[in-house]
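J.: I'd like to ask you about the structure that follows.
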Amino acid sequence: MMQIIIQGMLLSGLYALIAMGFMLIFSIGRTLNLAYGAYIMVGGYIYFWLSQQLGMPKIVGFGGAVAVGALMGLLKHRLIVKPLKGDPVAVEISTLILAVIMQSAMVLAFGDASKILLPLIPGVVTVAGAQVTYNILAATIMSWVIILALYAFVRGTHTGRAMQAVSMDEKGAAISGVDPDRINMITWAISGGLGAAGGVFFASYTQLSPSMWVAPVIISVAIVIVGGIGSIIGTLIVAHIIGFLEITVVAVLAPELRGVFTMVLIIGVLIMRPQGLFGREEH
Amino acid sequence: MNLRPHHFILWGLFIAGMFLMPELVGKGTLRTMIFACYLAMFAISWDILSGRTGYISFGHPFLIGIGAYTTGILTRRYGFPVEASIPIAVLVTMAGGLIVLLPALRIKGSYFALVTLAVMELMYQLVPVVRPDLTGGTRGISRLPALTRGAENGYYLAVGLMLAVALMAWLLMRTRVGTALWAIGMNEESVRGSGLSTTRLKSFAFLVSAGVAGMAGAFYAHYLGTITPRAFFDINVLFQIIVAVLIGGAGTIVGPIIGAFFMVFLLEWLRPYLPGQERFFVYGLIALVIYMYQPRGIMAIVEGAWTRLRGARS
Amino acid sequence: MTMALEVRNLVKRFGGLVATNDLSFDLAEGESLGLIGPNGAGKTTVFSQVMGELRQTSGSIALFGEEISSLSTAQRIARGVSRTYQVPRPFSDLDVRENIRVGLMPDSLRAMIFGAADRDREDELALSVGFTRQDLDRPASELSMGDLRKLEFARTLATGAKVLLLDEVFAGLTTGEIAMIAEVIQDLRHRGFTFLMVSHDLPAMEPLVDRAIAIERGTLLAQGAFADVLADEAVRASYLGVA
C-alpha cells in the first residue's frame with residue numbers, strides 16, 4: 001500500500017512536469033503540438049550524448065538538454081507555427097511530420113536500439129519498505145519546484161500575466177499593449193525547455209528509445225485537456241489520477257495493462273466531458 | 001471539378017499503364033507497387049473522412065488493424081474461408097470503428113484527433129495482452145492464407161482493388177453528399193443552418209472510410225501473410241498515410257494515389273543510401289517542405305505550374 | 001389565421017445574465033415583423049433559440065402550431081423556418097452555385113446520393129438575389145461582403161423555408177443592392193412568405209414590415225405599427241438615446 005502511494009506520487013510528479021510544458025502551448029493556441037514529444041525525446045538524447053558519450057558533468061548535460069529543447073521550441077514557432085498562422089489542422093499535421101523527422105534524426109545519430117540512461121543522481125533510499133531511487137525522487141522534487149515556479153511566474157510577473165492574457169484573448173491582449181509575438185516566442189521556448197527537462201527524467205525512469213515519445217505526448221495532452229485547459233491545479237490533479245491509476249494497475253492487475261486503463265480514461269473523459277473535469281465550458 | 005475529355009484520356013492511359021506494368025518491370029518493383037496500391041487505398045480512406053470534413057483522424061491504423069486482425073483470426077483460428085472472412089472483416093471494422101469513434105464525432109478539432117490517436121495507442125497496448133491465444137500477442141499471426149500466387153497476380157489484385165476504391169470514392173464525391181462533406185470542412189455551422197444533420201453526414205463519411213480501411217487492411221494482411229501489432233498500430237503507419245494524402249493533395253481522388261506512389265518509391269530509392277529508419281528523416285523533411293510550401297500538395301503545384309505555363313504561352 | 005410562429009414566455013439565462021426575459025410575440029402567416037433594439041438587446045439570441053442553436057431556459061416556441069423546442073436545427077428547418085447570420089458564413093472554396101446547392105439539399109442521405117442537383121433552381125435563386133451569370137462559378141472566397149450577404153440570403157431561401165429570419169441583411173450592401181434585396185423580399189411577401197427581420201437600417205426596413213416589436217435587454221418594450229413603436233417613449237430612450 002505504502003509502496004503504491006510513494007510510487008504513485010513519484011510517477012505523478014513526473015507526468016505533471018511533462019504536462020506543464022505542453023499546457024503552456026495548448027492554452028495559448030489550442031494547438032495539438034505533437035512535436036512536443038520530440039522535445040521529450042531529444043531532451044533525453046542530448047543529455048545522453050553530453051553526459052554519457054562525451055563525459056561532461058551531468059548538470060551540463062541537463063542544462064544542454066533544456067537549452068536545446070528551448071531552441072527547438074523557438075525554431076518551431078518561427079519556422080512552422082507562425083508561417084501557418086496558427087491554422088490548427090495544419091499545425092497538427094506539420095507537428096506530426098516534425099515529430100517523425102526528429103525520431104528518424106535520433107535513429108540516424110544514435111541508432112535504433114534503446115539506451116539505458118544513467119540516473120542524474122545515483123543511489124537508492126528505502127522509504128517505508130519502498131525502494132525509491134534518488135533519481136526519481138529528484139525528478140519529483142524538481143517537477144514540484146518547476147510547477148511552483150511556473151505558477152509564481154504566470155501569476156506574479158508581468159510577462160507571466162501577459163502570457164495568460166494572450167491565452168485568453170490574443171487580439172484583446174494586443175490592443176492592451178502586449179506584444180503577442182514576443183509572448184508566443186517566450187512561451188514556446190519555455191515549453192520546449194520543460195519538455196526536454198521532463199524527457200531527461202522520463203528517459204531515466206523508463207528507457208531512451210527513438211519511439212519513446214508517443215505515450216508521454218498522449219498522456220500530457222490528455223492530462224491538460226482532462227484537467228481543464230489552462231488550469232494548473234487541474235493539471236496537477238489529473239497527473240496524479242493518471243499516475244496513481246497506472247501504479248495501481250501495475251501493482252494489482254498486470255504491468256502490461258498499465259497503458260490500457262490510461263487510454264480508456266482519456267478517451268472516456270474526452271467524449272463525455274470535452275471541456276475537461278475542471279475546465280470551464282468553451283464555445 | 002468539371003470533366004474534360006483529357007481527364008478520361010489521362011485516366012485511360014494511367015489504367016492501361018498500370019496493367020501493363022508487370023511486362024515492363026521486375027518482381028522487386030512490382031512488390032513496391034503493390035505496397036503503394038495498398039497505401040493509396042488507406043490514403044483514400046483517410047481522405048474520405050479527414051480530407052473532406054476536416055476531422056483529422058489519427059486513428060486510421062486502428063481501423064486498418066481491425067480489418068487485418070479480424071480476417072487473420074477468422075482464417076487462422078477458426079478456419080473460415082477468405083471469401084467469408086474478408087466481408088466479415090469489413091463489417092467488423094465498420095462496427096468497431098462506429099462504437100469507438102462515433103461518439104468522438106461530437107467533439108471537434110484537436111479533441112477528435114487526440115481521441116483517435118489514443119484509440120490507436122490503446123489497441124497497440126491491448127492487442128498483445130488480451131486473448132494472446134487469438135491475436136498471437138506481440139508476435140502476431142503468421143501464415144495467413146494467400147489470395148494470389150506470385151507477384152504478378154498479387155499486383156493485379158492490388159491495382160484492381162485500388163481502382164475500384166478510387167472509382168467508388170470518385171462517384172460518391174461527385175454526388176451532393178460529396179459537396180456537403182466538403183462544406184462541413186469549410187463551415188460546419190452553415191451546413192447545419194442549411195437544414196442538414198451534420199452528425200448523420202459525418203457518420204456516413206466515417207462508415208465509408210472505415211469500410212474502405214477495413215477492406216484494404218484485410219486484403220493487405222493476406223498479401224503480407226503475417227500481421228503484428230507493430231506493423232499496424234504504429235505512428236509510422238499513420239505518418240505514411242497522412243503524408244501520402246497531403247503530398248498528393250487532400251480532397252482529391254488522384255492526389256492520395258500520387259502521394260502514395262511518390263512516397264513508396266521515394267523510400268525505395270533512398271534504401272541503398274539509407275537502409276534503416278533514417279530514410280524517414282529525408283522523407284519527412286521533403287514532406288514537410290512540400291506541405292509548408294503548398295498545403296494542397298503536388299496536385300496543386302502541378303496545376304499551378306500548368307496554369308502559369310499556359311498563361312505564359314498565350 | 002394560422003400563426004406561423006408563436007413565442008411564449010421565452011427566457012434564456014447565461015449564468016447570471018438574462019439574455020431573453022419572458023418574451024412573447026406572434027407572427028401570423030404571411031406577416032412581416034421587424035425586431036428592433038439597441039446592440040446587445042438580445043435580438044440574435046432570439047433567432048438562435050427559434051432555430052435551436054441555443055436551448056431556451058424556459059418558455060415555448062411553436063411553428064405553425066407545432067411545439068418545436070425539442071427538435072434539432074435540421075428538423076426545424078425541415079418544418080419551414082430558416083435564418084441568415086449577421087456575419088455571413090459561406091463555404092469559401094465552393095462556388096456560388098454549389099453554396100446554394102447545399103441549401104437546396106434534402107436532409108436524406110439517399111436523396112443526396114442518388115438524386116441530381118437542380119441546376120436550374122440554383123441559377124434561378126442566385127439570379128433572383130442579384131448575382132449575374134458570370135458570378136455563378138466564382139468561389140465564395142472571392143466575393144465581396146455585399147455578395148456574401150446575397151449568397152447567404154439565397155442559401156437560406158434554398159432551404160425551402162416559409163418563415164425567414166433575417167439578421168442584418170442590409171449591412172455592408174450598396175444602395176443598389178439594398179434595393180435589389182428589398183425587391184426580393186417584397187416579392188416573397190406577396191407570395192405568402194413570413195419574415196422576422198433585424199436591421200439597423202430602419203429606413204430600409206420600414207417598407208418591408210407590417211409591424212414591429214422593440215426589445216431591450218431581452219425584454220419587450222413596445223409593439224405595434226412601425227412608426228408607433230419608434231415613437232414610443234421607452235423605445236426612444238433606449239434605442240435612439242432620445243429622452
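Note: Cβ is positioned from N, Cα and C throughout, glycine not excepted.
Heads up, TrEMBL stuff is auto-annotated, nobody curated it.
Heads up, here are the entries from TrEMBL:
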TRANSMEM  B:6-25  transmembrane segment
TRANSMEM  B:32-49  transmembrane segment
TRANSMEM  B:55-74  transmembrane segment
TRANSMEM  B:86-105  transmembrane segment
TRANSMEM  B:111-134  transmembrane segment
TRANSMEM  B:155-173  transmembrane segment
TRANSMEM  B:204-225  transmembrane segment
TRANSMEM  B:237-265  transmembrane segment
TRANSMEM  B:280-306  transmembrane segment
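I would like each feature placed in context: is it buried or exposed, what are its neighbours, and how far apart are things?
T.: Non-local neighbours of the transmembrane segment (B:6-25) in the same chain are 33, 151-152, 155-156, 159, 163; each lies 6+ residues outside the stretch with a CB under 8 Å from one of its CB atoms.
Away from its own ends, the transmembrane segment (B:32-49) comes close to residues 21, 25, 55, 57, 60, 63-64, 151, 154-155, 158-159, 161-162, 165-166, 169, 172-173, 205-206, 208-210, 212-213, 215-217, 219-220, 223, 240-242, 244-245, 248, 250-253, 255-257, 259-261, 263-265, 268 of its chain (Cβ-Cβ under 8 Å, at least six residues beyond either end).
Within the same chain, residues 55, 57, 59, 62-63, 66-68, 70-71, 74, 80, 111-112, 115-116, 119, 199, 202-203, 206-207, 210-211, 213-215, 217-219, 222 sit at least 6 positions outside the transmembrane segment (B:86-105) and bring their C-beta atoms closer than 8 Å to a C-beta of that stretch.
Within the chain, the transmembrane segment (B:111-134) has long-range Cβ neighbours (under 8 A, six or more residues past its boundaries) at 55-62, 65-66, 69, 73, 77, 100-101, 104-105, 229, 233-234, 238.
Here the transmembrane segment (B:237-265) has Cβ contacts under 8 Å with residues 32-33, 35-37, 39-40, 42-44, 46-47, 50-52, 58, 60-61, 64, 120, 162, 166, 169-170, 173, 182, 185, 231, 280, 283-284, 287, 290-291, 295-300 of the same chain, all six or more residues outside its ends.
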J.: Going through B:55-74, B:155-173, B:280-306 one by one, which has the most CB pairs that fall under 8 Å from the transmembrane segment (B:204-225)?
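T.: Checked against B:55-74, B:155-173, B:280-306; highest Cβ contact count belongs to B:55-74.
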